[in-house]
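As recorded in Swiss-Prot, the features of this protein are as follows:
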BINDING   69, 71, 87, 90  Zn(2+) binding site
BINDING   489, 491, 493  Mg(2+) binding site
């Protein structure tokens with residue numbers, strides 16, 4: 001369908017019977033309306049032509065050959081005269097044969113039939129709206145019992161037919177013949193309701209706004225009751241509250257989409273265009289047909305049998321009519337979802353029929369295999385590898401992919417900057433990989449996001465936007481924190497890269513799809529960007545340090561004060577491996593690491609700001625060392641306090657490793673960057 005903004009889109013949902021008929025009906029010049037499929041036949045066995053009013057009828061679905069009717073007459077398509085657009089003899093319209101790919105038909109059902117997706121789906125929409133157990137609704141739909149109509153003012157004779165044997169077993173001998181009498185049809189229409197027709201009546205009587213109001217009142221009452229202390233009662237109350245919320249959401253959705261609840265019960269069954277369920281003739285008189293054709297045949301046969309019984313209702317036993325209604329319901333269920341009744345339906349060769357649900361869903365379904373799995377322009381694909389130096393919103397693109405994706409933009413800028421005179425010369429410069437090409441490419445990429453997608457796209461985080469950067473090699477670099485949203489890992493997974501072209505697409509990518517703006521799970525609200533697997537192992541190795549006991553601190557010489565500047569060029573005097581060095585700042589520690597004087601896990605003492613948490617701590621020192629000048633050192637498990645003779649704290653040193661320092665600096669820079677970004681936005 002095409003919306004008001006002329007965007008092509010596909011929408012799956014409920015439609016009214018009038019809309020189904022409008023999709024299929026065509027009015028012939030003689031006033032006859034065609035579109036209803038009434039016969040289960042396909043092609044005539046002698047002429048190999050489609051049967052009239054059958055599943056491949058040319059009057060309903062259009063001609064097999066463009067501009068040629070069933071009689072063999074031809075006329076150019078698009079004639080202005082309405083009478084000349086149709087064959088006067090066979091009624092086939094002179095149009096292109098491609099109409100058989102989208103022209104639909106319909107089957108007029110002799111009895112209402114529930115849509116199995118809305119009855120047996122999880123959750124069951126019909127059961128939610130009616131606030132009734134699913135098992136009871138299934139028993140009603142499949143004729144296991146009936147219920148009395150509440151609208152009648154006369155005394156009802158029948159309550160639950162399925163309970164006759166238990167409640168009034170003594171009357172069985174007199175009740176059973178009653179269902180075979182000619183007057184039962186009148187009695188049935190007046191007093192009892194059964195099958196999908198009963199469901200349709202109840203859905204039609206619903207007032208969705210009253211449902212929302214009543215459900216809200218009941219939810220508030222349950223909320224006010226609080227917890228009773230009984231675990232079973234509290235659990236039932238929680239389940240009921242969740243059900244009420246779902247019921248209100250469902251009713252609100254029906255109101256917003258202008259959908260009537262009774263449309264979940266079918267009176268007209270749409271018939272797919274014949275080109276979507278073809279019959280193929282092979283050599284040796286072999287015929288290969290779609291399973292959907294066989295399922296449609298079953299529906300039409302059972303529906304015709306039911307219509308015949310209803311016409312002869314005075315002679316047909318009621319049990320036979322109700323049994324035939326159940327068969328029609330089961331045939332439609334098999335057409336829509338073959339496994340809805342437990343075991344899937346099989347043909348004579350013990351082969352499982354593929355229903356409409358089987359054709360649509362799954363990896364080999366119509367959407368994922370035929371529509372979503374196609375190559376598109378301005379896209380590429382490669383294996384992903386970890387990019388630890390990237391920011392969360394960045395991805396690394398190989399040079400080959402980047403120059404292919406942004407080739408037109410590079411050519412435009414080459415011509416605009418007068419580096420070339422025409423497109424052919426610009427392409428040659430790109431082919432020869434001149435330096436100016438890479439400069440322009442980086443400039444173009446700086447302001448243009450790309451989209452990364454990993455199949456299968458099961459939720460919206462399966463495709464996110466990134467700022468591209470050029471990397472060497474032939475793989476796409478990705479920040480490890482965004483892998484959880486894609487459900488990806490670095491064991492050979494492939495990802496596709498797409499280039500948004502229009503300004504609207506680029507704005508949407510920047511405002512809604514950037515990875516640093518999708519930090520929470522849309523389903524449950526938990527953080528989606530959390531370190532996992534190799535990141536946790538790396539952080540553990542970075543911060544574990546050498547587990548030297550406190551004895552190493554007690555008997556370590558603390559004469560190596562930061563007052564004595566460390567001479568990095570002299571490795572003999574100040575830096576012996578049996579001592580834990582002191583540093584006045586983290587920059588000094590990093591400098592020593594770069595000169596390979598210390599390692600990442602080597603314990604060291606780092607001068608720290610006067611922290612009130614450390615000063616006010618009640619921890620007892622392990623040892624106190626006094627010097628001749630009156631100064632002292634209080635040695636604790638993880639820090640050291642230096643004081644003067646006046647008992648004033650002069651400095652504090654913490655015992656740490658370079659790994660801890662690096663990790664702390666990274667977190668500090670990230671927090672500061674976030675604070676600056678937040679201050680800019682506010």
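Backbone N, Cα and C define each Cβ position, glycine as well.
This view paints the features noted in Swiss-Prot onto the structure.
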residue	record	Cβ neighbours (10 Å)
69	Zn(2+) binding site	22
71	Zn(2+) binding site	13
87	Zn(2+) binding site	22
90	Zn(2+) binding site	16
489	Mg(2+) binding site	15
491	Mg(2+) binding site	7
493	Mg(2+) binding site	16
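If you compare Cα positions, residue 491 (Mg(2+) binding site) sits closest to 69 out of the binding-site residues 69, 71, 87, 90. Distance from the CA of residue 87 (Zn(2+) binding site) to the CA of residue 489 (Mg(2+) binding site) is 62 Å.
Report note: the Zn(2+) site is defined by 69, 71, 87, 90, and the residues of the same chain whose CB lies within 8 Å of the CB centroid of those residues, excluding them, are 58, 70, 72, 73, 88, 89, 91, 92.
Taking the Cα atom of each, residue 71 (Zn(2+) binding site) and residue 493 (Mg(2+) binding site) are about 57 angstrom apart. Per Cα geometry, 69 is the residue among the binding-site residues 69, 87, 90 nearest to residue 493 (Mg(2+) binding site). Annotated Mg(2+) site 489, 491, 493; additional same-chain residues within 8 Å of its Cβ mean position, judged by their own Cβ, are 384, 488, 490, 492.
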